[in-house]
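As recorded in Swiss-Prot, the features of this protein are as follows:
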BINDING   Leu118, Gly122, His123, Leu124, Glu242  (6S)-5,6,7,8-tetrahydrofolate binding site
SITE      His226  site 'Plays an important role in substrate specificity'
MOD_RES   Lys227  N6-(pyridoxal phosphate)lysine
Amino acid sequence: MLNHLKNVDPEVYSAISKEFKRQEEHLEMIASENYTSQAVMEAQGSVLTNKYAEGLPHKRYYGGCEYVDIVEDLAIERLKKLFGAEYANVQPHSGSQANQAVFFSQLQPGDTILGMRLDHGGHLTHGAKVNVSGIVFNSVQYGLNPQTELIDYDEVYRLAKEYKPKMIVAGASAYSRVIDFAKFREIADEVGALLMVDMAHYAGLIAGGVYPNPVPYAQFVTSTTHKTLRGPRGGVILCKSEYAKDIDKWVFPRLQGGPLMHVIAAKAVAFGEALTEDFKKYAEQVVKNARALAEELMAEGLRIVSGGTDSHMMLVDLRPLNVKGNQAEEALGKANITVNKNAIPFDPEKPTVTSGIRLGTAALTTRGMKENDMRRIAKNIVKVLKNLDNEKVIQEARDDVLSLCSSYPLYPDWFKDYGYGE
């Protein structure tokens, strides 16, 4: 499979082989990461990477697009079926570009948007001051109730009434609970605002029927195609039919040029996989695993923000152990457990330090792990966090992680191609 790469560019081959080994031997617990199927990767590595196809299916600015049209049509129809959407654009290169296309298609510079605070679990592209969404538009931010650590819908309502936003944004990057999309729509309607939902983190769970679907409530729904959806890295936009032309012209030609047809092919494959019964079982297991992990961590003395999870992820408050997020990330990394430091609501620490870590179960579940494995992992996490500088304890945890990973190989068919185990 990789013979040409190995011969032509041994340096790149070496780096990729090492990454293959890292993925096989580490527990991937970053909530935004997952593993695609081999079929998805084969589509993305296909001859479609050679084809330019500016425009939309059957309305291209280049010849020779008859086969890429088939691929994009498949991606669109599968995506619409997956979420019950009226219209879909599968060309955005990322979730950020999908969000930009929605904003610019409906708003003018200086218009007000109402989104979730980044430090309370929102996303950069929902109006953070360091992002174009918070520079071009007048960004007002809602957050969490300090007692419940749930979205403060009373605050959303109050800010919406006070600032009269043109668009309200729902969705998050570090919020583990169910979002009440109907409530957001009710508030948006009362103040005459459009509603955009960024379901990037929850898309696979929504497709699997274990998390509420925002499509009936929002004029616009954006998503990435990786994370819980297990596709290639990319973005999509779903919308009501009346906004289709606005969205299409803002994706192309205003924000992007030629679509990445090899990535769109991989998206089509992933959407097809997500329509299966097996994927529904996968989504159910992701949530079961997350709850088992959270319960075990709490039993071991850690605090989970909001007291649990309804999704694939959770925020762990490390203050009971007097540990910082950056310390935890580094120590767990030595034990082959990959996590990311993350601010918790009302965090007193800097974003480069933090008082918490974010954990996810989507990738672990793709490997085939179940609740008992989550409890085993939780014990290793706590063991490391209580012994940050104890190399012996960290080595013991790493050995157990290696044993666990070997029981759930990712891509055994490709071991030889990547030189794994040689």
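Every residue, even glycine, has its Cβ placed from backbone N, Cα and C.
Overlay of Swiss-Prot annotations on the structure.
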{"residue": "Leu118", "record": "(6S)-5,6,7,8-tetrahydrofolate binding site", "DSSP (3 states)": "helix"}
{"residue": "His123", "record": "(6S)-5,6,7,8-tetrahydrofolate binding site", "DSSP (3 states)": "coil"}
{"residue": "His226", "record": "site 'Plays an important role in substrate specificity'", "DSSP (3 states)": "coil"}
{"residue": "Glu242", "record": "(6S)-5,6,7,8-tetrahydrofolate binding site", "DSSP (3 states)": "helix"}
For the recorded positions His123, Lys227, the one whose C-beta sees the most other C-beta atoms within 10 angstroms: Lys227
Max Cα distance spanning Leu118, Gly122, His123, Leu124, Glu242 ((6S)-5,6,7,8-tetrahydrofolate binders), Å? 31
Closest of Leu118, Gly122, Glu242 to Lys227 (N6-(pyridoxal phosphate)lysine), Cα positions, binding-site residues only: Gly122
Most isolated by CB count within 10 A, of the binding-site residues Leu118, Leu124, is Leu124
C-alpha of His123 ((6S)-5,6,7,8-tetrahydrofolate binding site) to C-alpha of His226 (site 'Plays an important role in substrate specificity'): distance in Å? 16
At the Cα level, what's the spacing in Å between Glu242 ((6S)-5,6,7,8-tetrahydrofolate binding site) and His226 (site 'Plays an important role in substrate specificity'), rounded? 27
Which is it, of Gly122, Glu242: the one of these binding-site residues whose Cβ has the most other Cβ atoms within 10 Å? Gly122
What is the Cβ neighbour count of His226 (site 'Plays an important role in substrate specificity') at a 10 Å cut-off, with all protein chains included? 26
Cα separation, Leu118 ((6S)-5,6,7,8-tetrahydrofolate binding site) to His226 (site 'Plays an important role in substrate specificity') (Å, whole number): 21
